[in-house]
Amino acid sequence: MNHKTVIVKIGTSSLTDDSGKLDPEALQTHAEALTRLKQAGTRVVLVSSGAVAAGFHELGLTHRPCSLAEKQASAAIGQGHLVQRYREAFATHGEICAQVLLTRSDFDHRIRFLNALHTLQLLLERDIIPVINENDSVAGDEIRWGDNDILAALVAGLLQADWLLFVTDTDGLYTANPLDHPQAEKIRRIPPFHGSMPAQVDNSKSRLGSGGMRSKLIAARKASRAGIRVYIGTAGKTPGWMLDAVKGRGSGTYMDAEPRRSSRKEQWIAAHSRPRGHLKVDDGAAQALVERGKSLLPCGVVEVGGDFEAGEIVEVAGPDGTLGRGVARFSAPLLRRVKGWSTREISRLIPNHPEEVIHRNDWVSFRGEAPSTNRSPQEASR
Ligand SMILES: Nc1ncnc2c1ncn2[C@@H]1O[C@H](COP(=O)(O)OP(=O)(O)O)[C@@H](O)[C@H]1O
Ligand SMILES: N[C@@H](CCC(=O)OP(=O)(O)O)C(=O)O
């Protein structure tokens with residue numbers, strides 16, 4: 001049987017009571033809906049927030065923490081509670097779940113990226129529901145807005161999922177935040193978008209959530225580019241609501257997938273890895289790469305930035321801006337020496353050199369704009 005893979009991301013706002021603490025009943029309801037989805041023959045992966053909410057009171061706090069250290073300590077306490085609750089809730093339906101903690105940097109390193117993939121694949125093969133959260137207590141600067149929205153999109157790409165469902169406190173994307181704009185209207189369907197946001201989304205969020213709609217849209221765009229359909233909505237009233245949502249019968253917002261599903265290697269180059277350097281190329285090389293589907297040769301390179309080894313990712317810009325990313329076959333020092341040289345010159349002076357700076361098969365063009373969550377070294381320092 002060809003199982004569909006569905007990633008379900010549940011935000012803090014859908015897991016907590018009015019005091020901001022973990023709400024075991026809400027969790028039980030989600031577990032039931034997830035079980036229905038799974039028992040209908042779907043491979044289900046849960047990305048669940050809620051660790052901070054489940055832990056802050058035992059840290060002696062009366063409200064959700066604001067400082068990074070308190071959030072990390074709360075999550076360290078709460079993550080155990082959270083997973084224990086899921087284990088109990090799934091057990092009542094005869095299901096087993098397993099905790100998987102990831103950080104963004106796990107997706108940067110090809111080996112860790114593949115290790116995460118193999119772990120998740122084996123769990124799914126053995127009929128176990130992975131329950132993923134960010135590894136908050138070690139994530140450092142990675143705990144910021146929308147972590148789990150982006151993490152869910154990365155996991156969806158990793159597993160080449162069919163669907164990514166965002167369960168939140170608002171039943172879809174509205175033309176503006178409905179809390180501040182009561183006349184805002186729900187947008188039922190969004191096509192894949194490249195440039196500006198398809199609605200007014202500021203950084204406002206629910207009382208307890210961290211990314212708001214903006215981070216969900218950025219994550220949705222990432223998933224859509226990888227060929228994954230996205231749904232954003234609230235938890236439905238019946239246990240079959242997730243199943244209905246993936247059949248197109250949800251009341252929230254749907255985002256279409258780009259028609260072409262990108263390969264895991266393309267995803268890793270374009271979206272997961274952090275570029276270790278940047279190259280500036282001339283107009284001819286830019287056209288060869290983007291329009292004619294050719295490899296990048298040393299003669300087209302005009303500038304080399306960063307300190308990368310052969311085999312690492314570099315971002316490439318032409319005279320009119322960023323073009324894409326690829327795996328460099330030259331180290332930065334060697335490329336600085338040979339940039340602008342013809343292949344014949346290089347062959348004469350440097351034996352056993354690779355012919356291409358970036359081979360066609362290791363290249364991904366950006367269509368419209370660069371990925372938003374993996375900043376290049378230059379972007380990161382801005
Ligand atoms: N255009 C919009 N449409 C819907 N919700 C919006 C919009 N702009 C901002 N929001 C806010 O996004 C919040 C949901 O995001 P967030 O708090 O991060 O939830 P979660 O904890 O589920 O991840 C909503 O409570 C809403 O206030
Ligand atoms: N990892 C944190 C949640 C971070 C997060 O992205 O929260 P949310 O915006 O509510 O999905 C936790 O478990 O509390």
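Just so it is clear, glycine is given a Cβ too, placed from its N, Cα and C backbone atoms.
Worth saying up front: this structure is predicted, and the values here are computed from it rather than measured.
Going through ASN115, ASN148 against TrEMBL, the one listed in the substrate site together with SER49, ASP136 turns out to be ASN148.
Residues from the binding-site residues list (ASP136, ASP169, MET213, SER215) with a C-beta closer than 6 Å to any atom of ligand 2: ASP136.
Mean model confidence for the domain 'PUA' (277-359) is a pLDDT of 93. Just so you know, of the binding-site residues SER49, SER215, the Cβ with the fewest other Cβ atoms around it within 10 Å is the one at SER215.
A gap of 13 Å separates the Cα atoms of ASP169 (ATP binding site) and SER49 (substrate binding site). Taking LYS9, ASP136, ASN148, ASP169, MET213 as the candidate binding-site residues, the subset whose CB lies under 6 angstroms from any atom of ligand 1 consists of ASP169, MET213. Shown are the binding-site residues LYS9, ASP136, MET213; the one with the most C-beta atoms within 10 angstroms of its own C-beta is MET213.
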